[in-house]
């Protein structure tokens, strides 16, 4: 069967897969690009609703959603756009959401030596929606708490109270 629309599909698919896995060709310190600044602010830095998409390492199907990141500085802050770039770097790899969440938290902690970092990720998984169980409204929330957020339940609850409630993937 010959269809003109399919002639370049293998090349386009290979390029798309390269774009979707571009995070393998990036490293944390290059992404941060020196955007670590001295600061005497000890209070929460919070960036919410950072959109991301990734590919499930089990089925090579997309999952997508938002990341919410908070950290308590200890003399250093990271440029805000770098938080989004860190999310993208790790999301553009074959992943499971649990590991993605932890990698982001560990990276921010490594760069800033902060007192605590918390990452919450809400995502819809095409492997759950399109195949198998077929649950179109399901969402998955994962968390990673390091430092103060791991040991101090009050700090953890304070952070979690700022995170929006989950909403269904569609509708």
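Glycine residues also receive a Cβ, built from the backbone N, Cα and C atoms like all the rest.
Feature annotation from TrEMBL assigns Zn(2+) binding site to 56, 59, 127. Residues or ranges marked as domain 'GTP cyclohydrolase I' in TrEMBL: 2-163.
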Report task. Ten-angstrom check, please: count other Cβ atoms within 10 Å of the Cβ of residue 127 (Zn(2+) binding site), all chains counted. Result -> 16
**Report entry** Chain-mates of 56, 59, 127 with C-beta within 8 Å of site centroid, Zn(2+)
**Finding:** 55, 57, 58, 60, 61, 63, 125, 126, 128, 131
Report summary line: Over the domain 'GTP cyclohydrolase I' (2-163) the mean pLDDT stands at 95
Query raised in the report: So, in DSSP terms, is residue 56 (Zn(2+) binding site) helix, strand, or coil?
Result: strand
